[in-house]
Each structure stands twice: as C-alpha cells, then as structure tokens.
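Residues or ranges marked as domain 'Laminin N-terminal' in TrEMBL: 41-292. Residues or ranges marked as domain 'EGF-like' by TrEMBL: 380-415. Look at TrEMBL and you will find 405-414 tagged as disulfide bond. Under the heading transmembrane segment, TrEMBL lists 435-457.
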C-alpha cells in the first residue's frame, strides 16, 4: 500500500480554482512509501491559469496612430454635432496611450487607448495592435476586446507560434463577411468536433448601431472547449485526452503573439459622412487574455523575472518551456508530459543514462563508492534515438539500447576517443584518481586504527 505525501503545500488552494477532475495537474511529484523505502512518484503538471496581459509588450503599426499629437477633437458617432471629446498627448487627463488597454478597469471616467480619426479618408484607416509575450502560452479562456468607440466593421484576429515571424488568422469579423472577406458568415455554435480548427468569419460582433449597448468582441475559447468537455466544461478529462493525442488541437490554443488588425472603423451607416470624419476612429478600453505558460507538463509554476516569463522546470527538464533534458539526464529522449492516463497523467521525466568510463572496467554498482553511484543507472530507458539523442562521431543507434561506435570512439553516445595504448589513458584516468584517492586514504586510516585496537585488546587479555 502506498502513502502519498504532497510536496506542493498549495494544492488545497489550487483545487478551489479547478474542477476536481483536473486539479492534480498542479502537483509535479509526491513522495510515496514503497516496500523498498521512500521514493518519488512523478506526475504531469502545469501552471495555474492567470491574466496574461500583465506580462505582454504591445506595439502599434503605424507607430504614430495614437491620437493626441497634434491635439484633436472628436465627435460622437450617433450625433455628429456632439463634439466635446478631446485627445491631447501632452496632458495626462486627455491622453490615450496604448497601455490604457491593459490597466485596471472600473475607473470613472473610463480609461482607453484611442487612434487618430479618419481624417485621411478615403485612404483606409488601418491599425495593427501586436501583443507579444516572448514565451509560448496556452489560452484557457475567451479573448475579449472591449471597445470605447463603435466596434470595427472589419477586423481580423491573428496568432503567431514563432514569435511574430509568421502569422495565421484566428477569426475574421465583419458586418458583411461575404463582401469583406468572401466568406460565408458563421458562429462558433456552427462548429463541430471535426471543424473546430476551421477559421470562420462572424458578423455577431460588428453590427453598427448596437455599439452603444454592446462593446465587446470575443474569440470564444470556452465554446470550443465545450465541444469535447460538455456545455459546462464538466468533462475536462475528455478535452485533455483530445489535447494529449492531437497536436494540431494543442497548437490551436497555443500562441507566442496575438495581432489585432483593425481594418475599418464603425460608421453607423452605409455611407461615410466626409464632412464629419472626426466621428470615425478606434478606441479600446480593455483587452483580456487568460492563459498559462506552456511548460510541456513539466512545471507547475511560471515566474516573471527581468521582464521575461520562464517555467520553473521539474522532471529533470530545463529551458523556457521545459523543452529539453538537463545535462547528464539524457537517458532517454525528451518528451512532452502526458495528460493520460487520467487522472495523474504521465510525467515522462528525463532520466540518468547508463554511463561507463573509458579505459576502466565497469565494476558492479555495489562496488562503487557512494559518491560515484549517481553516475551509474540501472534504468532500462532508451539510450539513443534518431531525434534528440543521436549517436556521435559516426555511431549508429541500435534498438534504442546502445550506440554502435565507429573505430576510435567509445562511450554511451560514442562521445569519447577510444584509448589506443599505454600512456594514452593517463589524462582520462587522472580525473578518476582524484575521486578515488581520498576514499582510499580514508580506508587505510580506518584499517590502521582497527589494527591498533586489536593490538591493544590482545595486550589487555595477556596482562
């Protein structure tokens, strides 16, 4: 019988934030008592979801698109004669810089970013807003944009998985999808498990005169989750099973950057009033992006240090995403953790390889001094493969168990030159000698003390 001792003190608190079916993913390992003594039990784990806008960098293109330089007066969309909104970058109360898209909401009056007006009509008023994390993150809730102006009549939400080098669309938004993007209008409710990854155009968030009462534009993450987990997300185990086995599905909810492409502002009518162009602009009061650091199920926490996010890796892994094994832990190829089997998942830890030193016989493990034992492993995990643990110096991998080395090389991965004759091993042996020498000296000292004790005992008996 196994008795589990959690090493994560906050697991009880974490369980309050997650359904019971998946709260265990906050714990990377626990100690268990077995018949052989105390041992580690490793589990798949991931950081808790949080507000990711606290860690992003924002960039606007064109960079001078923010209002206020020079100062400008704006009119209301629904009333072209109500022109009492001023933007002035030199006055704090009247400035609307980009960071106001991510500040604390609830103030009165509302804070928001605002673009220049459509004063260069009929040239398009277009803005790219790029959100960058310099870290791979996984989305866990809807992306929500709250507009202070009318919602755009044409907009595209795009994602990048390679830090902004390439972009793919997430969703198109328009008052008329056919006219704007030659796409049939759809909603997320039209999607099925088979079509979940389809890129759609929706008209639900772009219609004109309702902007005063409904200012949000959404990219629905939870509705897509619900296709596998049920309408109330009660069956997250089913969703995680799909994420575990379908890389395209995992990648769909994974990003390094988001880009909001504002292509046409709200006009409220079929024709733009060229005599009142100060009515047309973009203004965003809030952006919400809920997610977690992607740590490949090898970490339960992510830290923000020196302006950069990074996973606190477990399972003998390392890197910003825990995407490689630590040095000396390449006993098998690195692998992402697994949500399966439910409920604990599989940690797929990096393991210590079986390493035998060159030019020395390989004695039994029990014969090694305790300080050397960590370098020898009885693990039966794979030693080599064709991806992460390639045999070096021309060696070939044989059944994942050993490397067949080319002449002149030896070692688990053929990483060392083979000793050819007397004297050539001296350099390699010198390192071993330094390890053994203190232990040998200690042994001789203990033996001498024992001999002295025996001699004393014999003298006492004779007397």
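In case you wondered, yes, glycine gets a Cβ from its N, Cα and C as well.
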**Study point:** Averaged pLDDT, computed only over the residues in the domain 'EGF-like' (380-415)
**Key:** 72
Check your understanding: Counting every protein chain present, what is the number of Cβ atoms, excluding its own, within 10 Å of the Cβ of residue 414 (disulfide bond)?
Key -> 23
**Study point:** Residues near residue 405 (disulfide bond) in space but at least six apart in sequence (CB under 8 A)
**Key:** 391, 393, 394, 395, 411, 414, 418
